[in-house]
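One structure is given here, and the rest of the page talks about it.
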Amino acid sequence: MADPFGIIGVIGVAGQIIKAGVKLGIDWKEAPSDVRSFLGELETLKTVLSETHTNIILNQEFKDAFEGRQSTVLSYLADGNSSSDPSTPGLISVCRIELEDLFTKLQKQSEGHRLGWDRLKGAFRSERTHAAVDDLQRRCRLLNSMTAIDNATLTATTLVQVKDARNEMRQQLQDENKAMILDWLTPMDFAAQQSDNIEIRYAGTGQWLLDCPEFQTWIQTENSTLFCPGLPGAGKTIIASVVVEYLHKRFSTDPTIGVAYVFCNFRRQHEQTIRDILASLLKQLCHALPTIPGEVQHLYKIQTRINTRPSKMELVNLIQTVASLFSKTFILIDALDEHQAPEGLLETISGIQKLSNMSLYATSRFIPSITQRFRDDQRLEIRASDGDVADYLNGNMGQLPTFVKRNTDLQTQIRSKIVTSVDGMFLLAKLHLQSLTGKRSPKAVKAALETLATGSSSYDTAYDEAFERIEGQLEDQSELAKDALSWIVCSKRPLQIVELQEALAVEQGMTELDAENRPEIEDVISACAGLLTIDEYSRVVRLVHYTTQEYFQRNKTNRLPGAEALVAAACVSYLSFDVFDAGQCKYRNELRDRIQDHPLYHYASVNWGYHVRESHHVQDEVMCFLEDQERLGASAQVLFGPNPRYFYEASRVTNNVARCPIIETSGLHVAAHFGLREVFSLVSNGNRSEQTHSLQGSSTRTCHWRKLEINAQNPEGETPLFVAVSKNFVDLTRDLLESHGAEVSKYTHGQTLLSVAVQMGHYDIVRYFVCCQLGQFDINEPDMHGSTPLLYAIAKNNQDIISLLLDVDGVAYNQRGPGGKTPLLLAVGLGQDFTVKILLERDEVEADSKDNEGRTPLSHAASNGDLSILGRLLETDRVEPDSRDDAGRSPLSYAAGKGDLEIVRCLLRTGKVDADSRDRDGRTPLFYAAMASNKEAVRNFLETKRVDVNTLDVFHQSILLGMWPSYRLWEGPQFRTAETHAALMDTTELLIELGGADPNVRDNRGRTLLWKALFHGHVELAEYLVKTGRIDGPSNFKDIAGRTPMDAFANELDNEGLAMKSALVEICDGLERLRVKSND
């Protein structure tokens, strides 16, 4: 065993000395006191040396624990305490020498004979030996003490590190949880586009706006709106990014300022609904906070259990809540004109703005319907300043031919001509500069400058010139540009660089993608003559501007003929590659890898059918793909499955073993999903029942189109006809029913096809069904839930469909659905005045029908506080104003409980209602009005002189007793607000002083209102009751159990109510004096 310090040697010598005496037969008990003391020290030395050797020298874990840390004991072992203090190894060496010398003396003096202490004691009296033992012993004790200190220090340090690690882990979990909640709100993120916009803008761009008084006023004014319209290409989006950056920098140190922004994009309209934009704004505001607000976390927990996302109204409420956590919030919405419903978005944002300290910045082209919305707001037109345009031109002169770079006069002329011609349209400057890149001489440049387009037609002229340059390139370059433009113009969403490269590499007739056929993106952009650009942060390839898309939409037939067919063919070819013949993936990580390894796969799977439909031609390859269950199934797994981001997250969390949903579908279900009418025509005609053709290179496949079953059902019971109806494909629905033999008797989810169309709001399909196919449907047939098409239309409040169905002969106006509700009952319950009106116009409608709870339409209108609908019902003279439901309550009772004064007055004016009717609980309308603290409604009842103010309910509660809460005032802030408490007091005074209510009535426990007030801490009420002089002392003093209010107060008052004690004791003392006086 290693003994680097020689401790074992010292312990061994000490043991030998002790054993030597035993061997020599010495009686240690007879040893002199100084010798015994020395031997005791020797034994102690052995012990502390053993501890030091075990705890320090041999304890590698101890040394490892202090790796990289300061250790007092290890330092002491190595160096000693000071220059004058010998090291520990030195003390051990000295002690060992002295003890070995002592042991040698013992051996020599003994000479093998039994000896007495007279001969041996001299060996033990060496001062150097004593000193060496003492020094080493003290040093070891010191080291052991230092070890304890080191251990304590290490423990403290470890605790700190554990605490830090715990806090770090907690923070990491909080960050992960925050990220999950924010991602749940919406995956939409505008940060990449913001970065791209700031990256491409030139220094100083937009400074003119930041310096404008209008902008500074907007910054400093609460709830202000700044509308910044501008011509196409004026730079509105770049300026919006400049404003976002300015706000972030200006308020970077102020966490009470919230900033959220949205860039509307015509290409993303399907994923930028009003709900999506609201979710993005909420996400950005929550991200700026240290923690997610509790209201958002609560909704997340609830909705993730049922796999739903927040509704539009929930998002509105949450934005208002979160915005209130900031002292001010800035909302920026760019390109409103590119949103699918700008007016609805503005209406929603304006509603939020009215209830929050929120300032709105918005941009748009000059669209009358949008600009009208901002007629009362501050306006600042966005125009590219001459300075900004000149800065851009100076920074990009390098892209022009060499002879321009060498000619400063020519550069000046270019700059002057372009700045003058663009008239504030930044994009036009870029296009004009791009048009000069191919010029061969100064003369050609100058000639082009003289013909620069200006005015409203300038963009079309510039785009025409750009396309002419494309067509003037080498054939391969021209074809590459046209193919790329076809993809970008026709794509259903923005394409990433790698997606476009993959798409351009697809070759017809090949069974796999040849990587060597992928073009370099720089070559693609160069070939497109400035019409395409790349957003560097998001890696998206896009057209340079919205006007470019509009240009190609107007001129696609001439400029890009066959573009949709090209994209469709490429998508189907890609999905038909051999690599996908394995079919659907079993595990999520497999699907994740498939999508990542084949960049175009997700886009092609989700959108191929749309391109086929818009190409107006179904190729043979499409029919074969629809029959290929393996490849079709693989594609359908992406088309109908969850978002691929779900697989990425789930795969990581579940260690890549989570199973992937298997999609069971058919070719015709997929064709119906995309609305491919020609597919069904080919299947139905069957005129080419069997055809062999080359699909991909040398491979062949036989298609048996007849085996695609028109009426096949998927596992959910859905037929292709159901899919066509649910997707609102009217023409395909008509084809299936009239030409292809589709059956309407097939049910799915217990619903008829008519109910499905109604529920989804597909008016044209509903009209087709009721006008052309009514013989195939029972218009009144309920589904498994008992709802008819008419009830579904009312539930969705689709007025067009409601009117359409009501005009159909034979429709059942009074058929009951869930809860026993007729169409009228449902419409009244939902507050649909229009529907109620057109229903009541039909004499066949039962205006006084009752639901399963015995409630009439009038009862529901009264409880909803809907005066308009209540008036319509009363005007028919076909309703009973004083009807009773199963609980014995009348419409007047519900109106009183609602606290709606106008409804109460309206019903009382009829003269046909019992103002003092009692329900099954024995409560009257006045009882409910008092409980609602509606003072004026109570006054109306009292003025009728037809109500009993002292009536008791079945629980022996009077109105006064029932209207006051039965829990203590200090038990929570949820008791009452100051306003409602004041309303309670006012109503109590009204009942006593105007109505003559008796405050001495006792409940079934013998407690009066004063007793209750004292026990529950209602000081103001107790004081008022005593001051009225209407309190009967003895009857108020004891309950049935014989307890006085003071007894109950003293026995049951908890600590939180002690603050009320002095006031209540004073009142109780007054009550006691009243009792004594009464007894006398």
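For all residues, glycine too, the Cβ spot is worked out from N, Cα and C.
Annotations in TrEMBL come from automatic prediction, not curation.
The annotation domain 'Nephrocystin 3-like N-terminal' is assigned in TrEMBL to 204-365.
Residues or ranges marked as domain 'GPI inositol-deacylase winged helix' by TrEMBL: 478-555.
Note on the repeat 'ANK' (716-749): residues 666, 668-669, 671-673, 675-677, 680-681, 683-684, 710, 756-757, 760, 762, 764-765, 768, 772-773, 776-777, 783-784 of its chain, located 6 or more positions outside it, place their CB under 8 angstroms from a CB of the stretch. According to TrEMBL, the feature repeat 'ANK' maps to 716-749 (among others).
TrEMBL lists 785-807 (among others) with the feature repeat 'ANK'. Across the repeat 'ANK' (785-807), DSSP helix (H, G, I), strand (E, B) and coil residues number 15 helix, 0 strand, 8 coil.
TrEMBL lists 853-886 (among others) with the feature repeat 'ANK'. Residue counts for the repeat 'ANK' (853-886) under DSSP, helix first, then strand, then coil, are 17 helix, 0 strand, 17 coil.
The repeat 'ANK' feature in TrEMBL is assigned to 887-911 (among others). Same-chain residues lying 6+ beyond the ends of the repeat 'ANK' (887-911) with a Cβ under 8 Å from its Cβ atoms: 853-854, 856, 858-859, 861-865, 867, 870-871, 874, 881, 917-921, 923-926, 928-929, 931-934, 936-937, 940-941, 944.
Model confidence over the repeat 'ANK' (921-954) is summarised by a mean pLDDT of 93. What TrEMBL lists as repeat 'ANK' is 921-954 (among others).
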Grab the same-chain neighbours of the repeat 'ANK' (921-954) for me: Cβ-Cβ under 8 Å, and only residues 6 or more beyond its ends, written as numbers and ranges. 887-888, 890, 892-901, 904-905, 908, 915, 960, 962-963, 980, 983-984, 986-987, 990-991, 994-998, 1001
